Structures are given as structure tokens and as C-alpha cells.
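K.L.:
Quick one: this structure, given as C-alpha cells, is what I'll be asking you about.
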């Protein structure tokens, strides 16, 4: 009996599995060369090609941000905020600038490879957090792309029907959506998958070719917006700007929480790091990624403010239309040709938004394929085109299937896109997601995703100062810092709930005070270093403000968005537990190494 071996108990094997899961989930991706690194490969066919200059990156960000919404969102929010909608866009723009500063620092200091927010979370926190960020990104990008494709198809058909030969001759199942099945859940649309396939082919041809298409369409829509502002300026009646805030400051603040989504897209620039010619910052100048992120956002802010001023000056805010306020305003002034330009601009805007969205998705899949969190098929890069064709085709297939079978209302419901509290918010986003005009990528992951990116700035600053210190004292300080960030996030969410449900002002003040105390702890009890290259100013206050405001916005979403967030997180944890933890390779890559970028003298 004494010589018999006791078989391992199920409890010990479970304990071993759980221990392996925890150790794997807490792994981080090492940071190679924080200053001006470039990606090199043992075999050049394994890497993407660096062809995007500063102008390409700026147009990429503008292309992702300015969609059809600029012709709709401005007027719809103005119905509630009045001419004060201009300040709504300014406030939302300033908050996005703070987020952009965090993105700019991380894009500047981390290795110039694909990944964006996923890469930042992987380097600053751990593997599981990064995988959760990827999951939220992907579900929103997939469904968002399908929704935009359906609306783009509807716009294209509308423009074609302006010609007599097509008038009333295009079946509804081609572009507008045909007969509905299963209570309206399914609705056949053939043009949406075709448009997605066309854009997928362009992206597979190479980043140079797709950049040309994006640049042309983006310049076209920006020119149309400038024409709209210029022509409308001659129709402005300044008396329409009085009173400037007819419903008070609260409506302006409420409008800012809505139009925040209109600026989404600047983060797409961060995902193009591996294809940027000069991706990062050095000690003497700013490189293209930080400039591209901030520059594209500044251009968008200027365009939105111009449209707001013109629109509210042309027509009294209470007379603005609900479906197409800008087009109706010009039609009422006898300028119908401008309305036609707006339709063309909407098609160009939706096209670039969709193109950039598909581009970003494929690069994220490429990053996870390289790290082993997804099958290696996604890590393949075409030897001559230097594009991740397998990832790109997969993204196109998923979006094409969703866009061809589900109508935009169902897609938006699944996505919980902009399902903000209040009847006016719900009506606003329902109109923005109907077939008449489509959304920009306004996704509920953004609040949590942007918060994670802001937190990454803080966490990586801590790691800098303790690069050679792994004592228990430092570990305790790091955990305290994370606890402070979580406290700020919870206070932001709570403040958002108090504001949304009009709770007592005392509760709102308490939430803000606790967040201020947590931020003070971050200031006084943590030490920060300035990283080489571009540095986000005001650390830790600026990242903390970003976390608070982003979670404040997250609280404005419909409760279904919160449920979906939790359910998807559970699913992603399960996928990681049964696949990701066993295949991930964060510390090394079989084909990629990082080397010091050549200096100007050695080029």
C-alpha cells in the first residue's frame, strides 16, 4: 500500500489550471527600445511596408472621424441646445484632445507596430486586459462596419435614383433593404456586401493604394464641407444666434456628451504605426504619429464648429428639420445644389469611415495573430503586397455577412450604439442609424477603451521609474496607483448615473470630490518620469480627467450596453482561458525584432 502512487486529485489539477491561468493572464508585453524604434524583420516579407507620411496619417484620422454625421449631428443636437451647440462641440473636442494627448504619448514611446489600444494595454497592464480590449473593439468594429455599409448602400441608390434611367427601377433588396423576415430581423441587401468586397480588395492591394483612395475621398468631403460653410456664411442672420443658449447650460453639456462620438476616429492613426514612415518622436522633433493624431482631431473640431455656426445662423434652431437639417436649411434658401453636394459628401464620408474601419480591424487581427492570441493564419503578410490579406478578407467576410442579412436597426440595437438616456437621445441616434444616413463609428467600447489608454499612460510612467526595482514596496505602490485609477473610473460612472437620472446634486458633488481625492493621491503618492519623445502634459491630472469623463459618458449609454459589455467580457475570458493562455507569446516573436532606427546622419 505504501508503495502505491496516489493519482493526482481533481482539486490539485484544477488548482494547477487556475494557477496557470492567473500567471498567464498577468503577463505583460515587454517594451523594446522606448525611443524611436522601427520594426525590422529577418525576412522582409513578414513586415508591413512603411509608406504613410504625415499627410496620409492626418487624412486617415479625418477620414475615420468625419462621416455623414457632420451633415446631421450638428442640426439634430442644435434643436435642443440652440446655437449653443457650438460650445457643445468645443467642449467635446477639448475632451477628445485630452484623450488624443494620451494616445500621442503611447504611440510615440512604444514600438512602432500594429495594435493600438490593445498593444498599450498589453504593455502597461496584462495579457487578459489587452484581450478584453480587443474583444470590445472587434464586436463594435464588425457590427459598425456592417451598419455603415448598409447606410452607404442606401445613399448610393438614392443618388442613382436622381437619374431618370434609375428612378423607381432599382429593387429595394439591392440597396435600401428588401423584404424583411423573422419579424424584421433579416433584411436582404446585396449592395452592402458588394461595397464591402470592393473596399476589401482595395485594402488587399496595398496600403499605398488604399491610402490614395482614402485621401481622395477625404479631400473631396472636406472640400464639400468648406463649400457648405462658405456658401452658408452669406445666408447667416446673426439674430438667429440670440438667445445663444435658449435652454440653459445643461443642454449644452448634454449636447457635449452626445457629440463626443462625432470625433471618434483619431485613434485609428495609432493603429497605422507599423506603416508610418516616421512613426515616433525623438528628443528634437515630433514624429508623424503624434502629429497625425492631434492634427486630424484639430481639423475635425474646426470643421464641426464652422458647420454649427452656419447652420444655426441660417435657420432658427427650433425650425431645423429632424432627418436632414443641413440639407433642408439650404433648400429653404433656394440652394438645392448644395443639398446635392451634401449627399455626395455623405457618400464620400461613409466610404472613408468604412475604409478606415476595415483597415484598423485587419491590423488588430494581425497584432493578435503575431502574439499567438489568435491562430497564426492572422499573422500572415502577403510577400509582395505587404498587407495582412487573410485578416483583411476575414474582416470583409464578417462585415459583408452581417451587412447583407441584417437591417441597420437590428445592427444598431445589437451594438447598443449611442443608446443614450432620454427620449431625445434615443430618437437622435435612431435617426442617425436609419437608412437615410449612417453613423460614424460611435461605439460604446470607446469610453472604456479610452479610459484604459489613459490609464496606460500612468502605469507606464510608474514602470519607467521602477525599471530596476521589483521590491514588495514598489508592488504595493503600483497596486495603490491602480486602485486610485479604478476609484476615479467608478466615480466618473457614478457621477454619470447621478446626472442621467437627475439625482440630488449632493450625490454628484460627493462623486466628484472622491475622484479629486483619488487624483490627489496619484499626484502625491506616486512618482512620474517624463518619457523620451512626446510627453502628455499634466500627468497624472490629464489622464485622470480623461478616465473620469469617459466613464461619465459610459453611464449615459442604455443599460443594454452595460449588459453587453459584461457578457462579451465573460465570453472573451472564456476564449482566453481555453485558447489564448496556451498559445500566447508576449515575450518574443519568431519573425519580428526591434532595432534602433537609423539617425539622419546614417540614412
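Residue numbering: from 1, along the chain as shown.
From the backbone N, Cα and C atoms, a Cβ is placed for every residue, glycine too.
Predicted, not measured: the structure shown is a model, and the values here were computed from it.
According to TrEMBL, the record shows the following:
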TRANSMEM  85-106  transmembrane segment
TRANSMEM  112-135  transmembrane segment
TRANSMEM  186-205  transmembrane segment
TRANSMEM  212-232  transmembrane segment
TRANSMEM  252-270  transmembrane segment
TRANSMEM  291-317  transmembrane segment
TRANSMEM  337-360  transmembrane segment
TRANSMEM  393-421  transmembrane segment
TRANSMEM  481-499  transmembrane segment
TRANSMEM  505-524  transmembrane segment
DOMAIN    534-583  domain 'Cationic amino acid transporter C-terminal'
TRANSMEM  536-555  transmembrane segment
TRANSMEM  561-579  transmembrane segment
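Tell me what's around each of these sites.
P.N.:
Away from its own ends, the transmembrane segment (85-106) comes close to residues 74, 77-78, 120, 245, 252-253, 255-260, 262-263, 266-267, 269-270, 289-290, 293-294, 297-298, 300-301, 304-305, 308-309, 312, 317, 450, 453-454, 456-457, 460, 531, 533-537, 542-543, 545-546, 549-550 of its chain (Cβ-Cβ under 8 Å, at least six residues beyond either end).
Residues 24-31, 37-39, 48, 106, 267-268, 270-271, 273-274, 276, 279-280, 289, 360, 363-364, 366-368, 371, 373, 445, 449, 452-453, 455-456, 459-460, 463, 568-569, 571-573, 575-576, 580-581, 584, 586, 592 of the same chain lie 6 or more positions beyond the ends of the transmembrane segment (112-135) yet place their CB under 8 Å from a CB of it.
Residues of the same chain lying 6 or more positions beyond the ends of the transmembrane segment (212-232) and with a Cβ under 8 Å from any Cβ of it are 55-56, 59-60, 62-63, 66, 70-71, 202, 299, 303, 306-307, 310-311, 313-314, 326, 329-330, 335, 338, 341-342, 344-345, 348-349, 351-352, 355-356.
Within the chain, the transmembrane segment (252-270) has long-range Cβ neighbours (under 8 A, six or more residues past its boundaries) at 57, 60-66, 69-70, 73, 77, 80-81, 84-85, 87-89, 91-93, 95-96, 100, 103, 106-107, 116-117, 245, 289, 292-294, 296-297, 300-301, 304, 353, 356-357, 359-360, 418, 420, 422, 425, 428, 440-443, 446, 449-450, 453, 552-553, 556.
Residues 458, 480-481, 484-485, 487-488, 491-492, 494-495, 498-499, 540-541, 544, 548 of the same chain lie 6+ residues outside the transmembrane segment (505-524) yet bring a C-beta within less than 8 angstroms of a C-beta in it.
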K.L.:
Other than its close neighbours in sequence, what residues sit by the transmembrane segment (186-205), given a CB gap under 8 Å and a spacing of at least six beyond its ends?
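P.N.:
That would be 145-146, 149-150, 152-153, 156-157, 173-180, 213, 351, 354-355, 358-359, 362, 382, 385, 387, 389, 392-393, 395-396, 399-401, 403-407, 410.
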K.L.:
By Cβ distance under 8 Å, which residues at least 6 away from the ends of the transmembrane segment (291-317) in the same chain are close to it?
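P.N.:
Residues 54, 57-62, 65-66, 70-71, 74-75, 78-79, 81-83, 85-86, 89-90, 93, 96-97, 100-101, 103-104, 107, 222, 225-226, 228-229, 232-233, 235-238, 240-241, 246, 259, 262-263, 265-267, 269-270, 276, 325-326, 329-330, 332-333 contact the transmembrane segment (291-317) from elsewhere in the chain.
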K.L.:
In the same chain, which residue numbers or ranges, 6 or more beyond the ends of the transmembrane segment (481-499), come under 8 angstroms Cβ to Cβ?
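P.N.:
Residues packing against the transmembrane segment (481-499) from afar: 451, 455, 458-459, 462, 507-508, 511-512, 514-515, 518-519, 521-522, 525-526, 544, 547-556.
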